[in-house]
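Novice: For reference, the structure I am asking about is given below.
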Amino acid sequence: MDHNKLTTLASSQSQAPTSLHQVSALQGTHQGSAGWILLASLGVSFVISGDFAGWQFGLKAGGFGGLAVALAIVAALYLAMCLCLAELSAAIPSAGGGHLFATVALGRTGGFITAAAIMIEYVIAPAAITTFIGGYVESLQLFGLTNGWLVYLACYAIFVLIHLAGAGEALKLMLGITGAALVALVIYSFTMAPHVSTANFADGLPLFPHGAGSVWHAIPFAIWFFLAVEGVPMAAEDAKNPSRDIPKAIVTAMAILFIAACAMMILGPGAAGTSIYANSDNPLVSGLNSIGANPSIVYAINCAALTGLVASFFSIMYGYSRLVYSMSRERLIPPIFSRTNRKNVPTWATIAPAILGFGLTLIFDGDFLMSIAVFGAVISYALMMLSHIVLRRNRPKMTRPYRTPGGLVTSTFAFVLALGAIVAQVVANPYVAGISAATLAVLVVAHLLHERRKAHFTTDIGASLPHLHQDEKPCTY
């Protein structure tokens, strides 16, 4: 959504549109240029870092068996959820994404809770990725640096400056890096495959250390294999044909990511042993070293891992800056966050979350930060799926260029799995869940107090979209 559309959306909260032009501006009517291949590539680029680091902590939490079952459950959640988001984003194409869907379906407060949960995910995830970058930098022995604050500061400083210079996502560069990272994963897989032995899956760690509860403990870490792929449907207004391109992109991206996830989880621990991966900040390099791989391959994989992590870090930083900017333009947070520089980049929406993220890296480790990001994500997933259910039942005649296969069955399935993921987060780490929930609660209370002072704003953005308020009968499928 460009600046003019954002301005129209913000103003529409206090009055309904008075012309067809205004409604069109809210919905987004421009012809996009991105095909399904480009959209699928973008989906992979947002997530690729999850194959290089983060997931391995699930081996310690739930064992190989627990993580394997969790991976299957989480993959089903993401596929169903993304198909539902494809419908929502095609019907209400907007850079506002999930929090706008929730606002239309659940009201302004419901939209803010969703936005706050997404913001927790997108602000904390780069902090976790930064700690993983530090681990690979230390493995490469670059400039004698170790995994510490200097690396974290450099990551944030460099990429904040790049964003403020107006580089955007540097799309071609990011896709190139993603391609290189995928090639590296293929090389890594072929290197590890000959050494796989089923005995290694329980090497040093039981397959199910907590019995059936091992799956609950592993789910938050299995999510890291797919975290942020839900961003694909949010590109609906940039797609050539949203009803065709978005679903194909989702299925393609999910297929690539699922294959990569299975390869990482099976070939690494199967070749080097589960304990090697469970206790490493740079698991792929540790695995290669343990089997005596050629040093040149180890170095190449290390470099590719670093670039893959950087790609996700850079892209997610772009995402959070635009999310914070959008929330500010909609008057959900102070207006300072919607101020832009000469390059039309939201200055404080980029800088403030970076300062917060850097500060968190000085206090918490990557495992802890990753868990907080995942908690924010699953809260937003549940609310977005609830939004799909509400809109299907209450506004069945809303124009939907793409309809989710299975309709309410699919969104209800995803909603139940998202609730299960929330429970899994509480079971796996109640301390992290408590901190995350408290943070979300503080943000919501602050929002409610802010709304009380701004009572003249309407509570339903949906009121500004007349096509959503027709005489309709609830949908039953």
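The backbone N, Cα and C atoms fix where each Cβ goes, and this holds for glycine too.
Pulled from TrEMBL, these are the listed features:
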type     : residues : note
TRANSMEM : 36-55    : transmembrane segment
TRANSMEM : 67-92    : transmembrane segment
TRANSMEM : 112-137  : transmembrane segment
TRANSMEM : 149-166  : transmembrane segment
TRANSMEM : 173-191  : transmembrane segment
TRANSMEM : 211-229  : transmembrane segment
TRANSMEM : 250-277  : transmembrane segment
TRANSMEM : 297-325  : transmembrane segment
TRANSMEM : 345-364  : transmembrane segment
TRANSMEM : 370-391  : transmembrane segment
TRANSMEM : 403-424  : transmembrane segment
TRANSMEM : 430-449  : transmembrane segment
Novice: By Cβ distance under 8 Å, which residues at least 6 away from the ends of the transmembrane segment (345-364) in the same chain are close to it?
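Specialist: Same-chain contacts beyond the flanks: 119, 122-124, 126-127, 130-131, 149, 152-153, 156, 160, 163-166, 317, 320-322, 324-325, 328, 336-339, 372.
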Novice: Among the recorded stretches 36-55, 173-191, 297-325, which has the greatest number of Cβ pairs closer than 8 Å to the transmembrane segment (149-166)?
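Specialist: Per the Cβ under 8 Å count, 297-325.
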Novice: Are there residues at least six beyond either end of the transmembrane segment (297-325) with Cβ under 8 Å to its Cβ atoms? List them, or say none.
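Specialist: Same-chain residues near the transmembrane segment (297-325) but 6 or more away: 6, 45-53, 95, 97, 99, 115, 118-119, 122-123, 125-126, 129-130, 132-133, 136-137, 139-140, 155, 159-160, 162-163, 168-170, 174, 177-178, 180-181, 183-185, 187-188, 191, 228, 231, 282, 284-285, 288-289, 333, 337-338, 340, 345-346, 349-350, 352-354.
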Novice: Pairs 6 or more apart in sequence, C-beta under 8 angstroms, 3 or more of them: is that satisfied by the transmembrane segment (211-229) and the transmembrane segment (173-191)?
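Specialist: Contact criterion not met.
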Novice: Using a Cβ cut-off under 8 Å, which residues of the same chain at least 6 positions beyond either end of the transmembrane segment (403-424) come close to it?
Specialist: 70, 73-74, 76-77, 80-81, 83-84, 86-87, 215-217, 219-220, 223, 375, 378-379, 381-382, 385-386, 388-389, 392-393, 475-477
Novice: What stretch of 36-55, 173-191, 370-391 shows the most Cβ pairs under 8 Å to the transmembrane segment (112-137)?
Specialist: 370-391
